[in-house]
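What follows is a short report on a single structure.
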């Protein structure tokens, strides 16, 4: 009878140990799962943050490129305006030179005409003078 009691006690202790081991095992398993979930959550947050940063960089890049393009377009427009103005000034100068040249030619023609008329008038005077005097 005492041996039975002893055996029962040993069996009970063994069962208790097994139960404790199972509990410990479960506890560790739960801790491990929680840890894994935490790591997954951390990874998810990290990826989300990375995604936000990438989006930020992309927007910044887009804005930078857009501003660069705008600046280039403005420079091109300015260059075109300056070229146009330069051509306009050249045309203006050319017309002025042509006008001056024409005026100079007209002046020369007028002077030549006047000299010829003076000569003609002078010749007539001489002719009259000779007739009167002769």
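Here the Cβ of each residue, glycine as well, is placed from N, Cα and C on the backbone.
If you look up TrEMBL, you'll see 1-11, 32-42 marked as compositional bias 'Acidic residues'. Here TrEMBL flags 12-31, 43-56, 69-88, 96-134 as compositional bias 'Basic and acidic residues'. The compositional bias 'Basic residues' annotation in TrEMBL covers 57-68. What TrEMBL lists as region 'Disordered' is 1-134.
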Secondary structure composition of the compositional bias 'Acidic residues' (1-11) [DSSP: H/G/I, E/B, coil]: 10 helix, 0 strand, 1 coil
Secondary structure content of the compositional bias 'Basic residues' (57-68), with strand meaning DSSP E or B: 12 helix, 0 strand, 0 coil
